[in-house]
Amino acid sequence: MTFQVWGRRREASHDLAWVPDAEGGRGTAMRRRTPATKDPTAVERANLLNMAKLSIKGLIESALSFGRTLDSDYPPLQQFFVVMEHCLKHGLKVRKSFLSYNKTIWGPLELVEKLYPEAEEIGASVRDLPGLKTPLGRARAWLRLALMQKKMADYLRCLIIQRDLLSEFYEYHALMMEEEGAVIVGLLVGLNVIDANLCVKGEDLDSQVGVIDFSMYLKNEEDIGNKERNVQIAAILDQKNYVEELNRQLNSTVSSLHSRVDSLEKSNTKLIEELAIAKNNIIKLQEENHQLRSENKLILMKTQQHLEVTKVDVETELQTYKHSRQGLDEMYNEARRQLRDESQLRQDVENELAVQVSMKHEIELAMKLLEKDIHEKQDTLIGLRQQLEEVKAINIETYQKLQGSEDGLKEKNEIIARLEEKTSKITAAMRQLEQRLQQAEKAQMEIEDEDKKYLQEYQSKFDSLQKQISQKEKQLAQLETDLKIEKEWRQTLREDLQKEKDTVSHLRNETQQIITLKKEFLNLQDENQRLKKIYHKQEQALQELGNKLSESKLKIEYMKEANKALQGLVWLKDKEATHCKLCEKEFSLSKRKHHCRNCGEIFCNACSDNELPLPSSPKPVRVCDSCHALLIQRCSSNLP
């Protein structure tokens with residue numbers, strides 16, 4: 001125990017150092033500063049970062065000096081892929097399988113497809129390559145295709161952001177999990193300048209050995225002597241890139257203008273076709289309008305003629321109805337006169353009967369002898385009663401028939417009622433006569449002689465009455481026939497009126513159709529006017545489009561001339577210019593240098609304080625006085 005403690009004390013004493021006092025004594029003990037041991041993984045990350053910087057920088061410089069698209073045999077490019085492979089392999093977790101250990105970078109690269117949808121094409125094309133059998137070969141092919149697409153930085157940035165997913169493939173101290181990975185991704189953005197054309201199908205990417213060649217990155221005396229040449233080449237390449245960008249912008253503007261011109265031409269042709277269709281429609285509508293007008297005129301003529309014919313027919317029917325009505329009125333008047341005459345005759349007969357009754361009281365004795373005659377008279381009276389009942393039945397039938405007639409036949413019904421009342425009075429009078437005859441039977445014997453005379457007179461009067469009744473029956477039959485004729489005539493009139501109503505309704509429908517046709521005609525006229533307005537507007541739009549097309553053609557020609565003029569220009573460097581090109585004054589802190597965006601020369605502020613929009617940039621930029629005057633002169637000459 002003591003030995004161990006002493007050993008520890010001795011080890012601790014090595015770390016302590018005695019500092020002498022001011023008097024020269026031993027002083028106090030101070031701990032010595034030993035050099036701190038660095039983390040080997042951090043050193044590996046720093047070395048890989050430095051190698052990545054050197055390889056990316058060397059690749060960009062050599063590619064710019066080379067001035068062409070890079071092939072797969074280009075050594076700096078091969079070394080770049082080797083360095084990137086080492087960077088991606090750093091800190092990769094080892095996955096154990098049944099046969100061997102597996103340590104490849106295809107797993108994290110395959111994860112990019114889920115994070116960045118545009119990387120699905122690269123993954124699909126890598127899987128479809130026939131010569132690749134190992135995951136490492138697929139990863140190498142993936143890196144080459146990403147460089148050709150100029151999206152390697154974007155893909156790896158998506159991986160670095162998702163560290164939770166990367167932790168499944170890398171250790172916590174890996175380069176891709178630390179800040180060095182973000183720095184390498186930022187350096188990879190500069191590779192977008194390089195154009196590479198790599199053939200992945202023919203290469204044997206599975207069996208390649210990734211060894212870093214450090215000799216490429218060691219500096220020699222020749223490299224130091226070639227710096228100036230490289231600077232000149234870089235300047236030339238800058239100018240070339242500037243001119244190429246200008247040319248690309250001009251080509252893009254020209255292509256956009258061509259596309260606009262094509263679209264305008266297409267729209268112009270479409271508008272012309274639509275105008276032709278609209279003109280054809282207008283012509284068809286005008287023809288239909290003329291047809292409708294002619295049909296409308298024919299319909300109006302037919303309706304007027306039909307109305308005139310119907311008016312004439314109605315007038316004639318009214319006249320016939322008036323004439324027939326007059327004839328019926330005359331018949332009614334004659335019947336009334338006859339009834340009045342008959343009533344007067346009956347009154348006379350009644351007066352005579354009253355006189356005879358007074359006479360019968362005197363001749364009751366004479367009537368006994370005439371009983372037989374009286375019985376015969378009774379039989380005759382029974383016959384008369386039967387005839388009266390028949391007359392009553394006939395009157396009742398005529399009354400029932402006349403109930404269905406119109407208001408004009410009410411007077412006839414009243415006359416028939418009066419006749420019935422008179423017949424009832426006659427029957428009452430006959431009953432009274434019977435009673436009186438019964439009373440007169442007592443005095444029949446006394447007045448037989450007188451009664452014979454009376455009977456003779458009575459028989460003569462009775463014959464005359466029978467004749468009158470037969471005449472009246474004939475008149476009633478004639479009236480019934482006249483009533484039937486009148487009913488038939490009224491039915492015909494009703495049918496004619498119904499027909500006229502139907503014709504009137506038909507004419508009303510035709511008039512409504514004519515009104516609807518007029519409305520449609522007015523609507524068609526409005527549509528015609530609207531189409532004419534649209535046609536005028538489209539013609540104005542076509543004129544404006546023609547003017548714009550002429551202006552765009554002039555601008556394209558002007559841009560072509562400006563592009564031709566810019567092809568021979570050179571962008572001067574600040575170091576080469578010491579004096580202003582126009583005023584030839586020396587530049588200083590107060591007189592600063594300014595580039596002309598048109599010619600590329602360097603001028604002072606006084607000689608380049610103008611701004612104009614150029615074809616390469618739509619916004620106004622700084623231009624020298626000479627270029628300003630030339631551009632204004634060209635614009636004024638190009639304008640119509």
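Cβ coordinates are placed from backbone N, Cα and C, and glycine is handled just like the others.
Automatic, uncurated: that is what TrEMBL annotation is.
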Which stretch, out of 226-260, 261-295, 296-330, is listed as coiled coil by TrEMBL? 261-295
The mean pLDDT across the coiled coil (332-555) is 77
What residues in the same chain, six or more past the boundaries of the coiled coil (261-295), come closer than 8 Å to it by Cβ-Cβ distance? 517, 520-521, 524-525, 527-528, 531-532, 534-535, 538, 541-542, 545, 548-549, 552-553
By DSSP, how many residues in the domain 'FYVE-type' (574-632) are helix, how many strand, and how many coil? 11 helix, 14 strand, 34 coil
